[in-house]
Amino acid sequence: MAGVSETSMDEGLRQRIKSSSKAEVTDSMHSGGSTPTKPKASPMLGRTPDGRLFHVMETPDMVTSIFRPDTPKTPLDFVTIVSLLFQLLLYARLSRESAQVFFVVYFAFWRIAYNGGLGYVLTLQSTSRWLVRLFERKGWMDAAKCPRIHSWIEKQLKVKLGASYDMSSMPIDFSVWIFFRSLVDVILLNDFTAYSLFGLSHMHGPGPDGWGMLAVRWVIGLLFILFNVWVKMDAHRVVKDYAWYWGDCFFMCLQNLVFDGVYEVAPDPMYSIGYAGYYGLSLLTGSYTVLFVSIAAHTSQLLFLVFFENPHMERLYGERRPIAARMTAKDEALASSQRESTTSSRSASTSSASSAGHSTVGDTTSSGLESSTAPTSMPSSATSTMASSTSTSNTHDLHYRLFRYDVVLFSHLDLFRASDFLLVVSVIYALVPLVLSSVRGSAALVLLGVHALLWRLFYSFGLGWALRKQSRSKWIVRHFLKHYHYDDPQSAVLEAFDQWKVIYNVSLIMTYLSFATLAWHSYVPWTSGSIRLRYVLGIGLLALHAWSARSSFRVLGPYGWLYGDFFIDNYQKQLSYTGIYRFLNNPERIMGGAAFFGMALLSGSPMVAVAAIVSHLCHWWFLRYVESPHMHRVYGSAVRQASGVSKQLQRLVPADWRKAARPSVQELQSALTKAQTMVDQLVQRSLPQVERLVDDTRTMLQLQADRLLHVRTGDDMRMIDASKYSIVPVASALTQQARFHVGEPIPVHWTAAHNHSRRDWIGLYSLNTLASHPDGRHDALLVTCVSSRGKWVGVAEDEWEGNTHSGMTQGPLGTHGVSQLHDNAQLMSGVSVFRGSKLPWSPGTYELRYHHDGTHDVLARSEPFTIYVDSPQDPTSFTETYTILTRLVHFALAGQPAINDAKYQSADKDDLTLWTKDEVQHIADGIRSAFHVDFANEVILANANVASLSRDIIAARQLLPL
């Protein structure tokens, strides 16, 4: 929010500092109305990102410096004045209709320049000091590099600040900010003027509403504008020029600021009520066009708040809090009250002025893992329980007991949960009638047929596939163990079965109900002749199905009816061939489709008959490929081969006939067995290939953009002597060789020509990945044709901002500047370190590659080396599991500084304080690699304890087949 005028309505005033904890600005700064004279040292102290302290010079307000005739003007001030006069001249010369069109377009241009242009530049400046680095790189404020530009900028700033301003004695951050202010004035004043003239071009008389309504509109509109004027004046009184012009993107002020006035009226007043003038002018004009343009402009300002202002404030002033830490409810309440206290008022201590460095999220709060998480630490008792970790008196455990990744609107949906499944079904059934309300006739019947088919496919193939995987690998239980935390992992089995019961029952009902709906709407009337027999047969089949289902339930009970033996292993399993099972091995195979054929007969529709046949075939597949294999896997030889009916039929057939038919029957059975074997083998061979295809497709989609954008080669590599380049991993401190534990930092020693590019970089690649993506060639050099997936470091590591080289001409090489120059050999050598997210958190064989000048041209390759992880010899051993997990956690949290805040320290030495999602993901990746147990990040956060995680890993390995 740059200040343009105390009477302006749209210059983008915004709340620069939300609370006194988010700024340290002096309240004694004035925006004077006199000609700037020799500035004197201000009591307001500033601190640059590199820790330099300086007195912030007093700055004149924009209205005085631009619009008072007796004040000196800078070239940018003249640009501003001329552009404003140009708008006024155009408004006077253009017709009313032309002015309306021109100024709405002109206003849109300046509004985009403000919210889009300034927002983009300020975001870069906030995150990487882009604007200051640009001036440094170009040398625009360096008299030796660019004397003309330096002289022009210095004159500009001397006019703005007074003759006593000395560019050489002030930090470049402050000078760039002052220059940036002038550019902001150009944009915001033109933005305000264009909007005002656009509104005036739509001004008209009373019209059909009469003078009374005109008077009401003008009174309310003027009140809105006057209120807007007060908001802006009071906001400038509070935040001063420093916050008005985003000074905290350039340097920090170390004095306190008391928020009162407009900041006690509304949240984010400069983005909310600070735009009341827009709606006031809309009322004055009585134009919906002005109103809609005002709403659009206000919306763009809110987007500026969301995408730049809020992230910047959070990044700069937000208190860093762990995402998982065990605090008692009392400590949490105390911490909250302290935060509220510091939000209302905060005074910068004198000692803060001496602290070096720009306050950022990364250095304002220290955190860490207790020293007990070193690889050698062990719990005092392997069977001890963690009272402090499970007591509901600490807010961490209480939170994860009350909230288990619950659905909020449609976020966190999990279709394995019955409630979420029913939510999705309910929403679909609520929306479908709105979309299909006009469908009639045959089209409606087709939709009903599709509806019935979808439920049948979901019931037979969807649930069947889930049960098949559950039978083989405990897939459903595995899902709940992965995504939800349980005090007793055995509870995951019970919850999985509970959710399954509801989903299965709903699907069963909807399968029959959707088919019945189709049959009802497909009914063909009939009253005479032999066709009446369909009625009798149809009702008979329905009755047969009902009797068969009831008889089956009496024998199976809820355990068998709901497929409990797919989930519960410790339930007494015993096949009982009583009731209907005395006569038939599987009544569903014969009578399971009776109801569908009965409804088809009653409806008299060929389409329903086809649907019944399809339904029966789907259910046959379910019985043949899901239920039957599971029965033989669980019950083995206890499964009866011949039913009572089969035995009696065999007795009724004469012996000679049975003897004559036996070869044909055996041949048929042999053919069916071979066919089944071939189908099973095909499925077994195809499934891994399909899964691999899915994984490859996902990987390809993820990497395709990187390949197109980042696989680059240099223009001419023939002049480079590749023999001067080498790269070697430094031996691990644990193994004394090039063999590293998962998560262990990997130091890399490299050599390069003394005149090498500062954009050179080192990538870490899996040999398996390199083998699947052959390298290219460029001249005599190798070209890497696969993404490093973020596993890379720059040789000049501190000069990179993400994937962009900052362009500093001089800076340390290697990690923390560990490098040296060999003058005799004209070589440079250094050490770079892969750690944290730069590491691959999975075991395997890897290779390092040294790349030239930001391209993928390879100048050197290392010998292959190994990343390994230990696995327990005894999966049930708590000691082994705990030791291995402790080492993984130690490496995952190695980047944390020591915890200084007592409220984040737990009495249990195994408790973890987790600060970032990367730390959690690294722990989950390490567990997957070492124990072959897949835990979601939410489970790691909920446990936040090494011993608890160890017990969960052991329980998961016992529950799940590996």
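Each Cβ is built from the backbone N, Cα and C atoms, and glycine gets one as well.
Per TrEMBL, region 'Disordered' is recorded for 1-45, 334-393. Taken from TrEMBL, the feature compositional bias 'Polar residues' applies to 18-37, 361-370. Annotated transmembrane segment per TrEMBL: 100-123, 174-198, 210-231, 283-308, 421-439, 445-467, 502-523, 590-623, in sequence order. Residues annotated as compositional bias 'Low complexity' in TrEMBL: 335-360, 371-393.
Residues 407, 413, 415, 447, 502-503, 506, 510 of the same chain, all 6+ positions outside the transmembrane segment (421-439), place their C-beta atoms under 8 angstroms from a C-beta of that stretch. Most Cβ pairs under 8 Å to the transmembrane segment (210-231), among the stretches 100-123, 283-308, 502-523, belong to 283-308. Stretch with the most C-beta contacts under 8 angstroms to the transmembrane segment (502-523), considering only 100-123, 174-198, 445-467, 590-623: 445-467. By number of Cβ pairs under 8 Å, the transmembrane segment (174-198) is matched best by 100-123 from the list 100-123, 283-308, 445-467. A Cβ distance under 8 Å defines the sequence-distant neighbours of the transmembrane segment (100-123), meaning residues of its chain 6+ beyond its ends; these are 12, 87, 90-91, 94, 130-131, 184, 187-188, 190-191, 194-195, 197-198, 201-202, 246, 249, 289, 293, 297, 300-301, 303-304, 307-308, 311-312.
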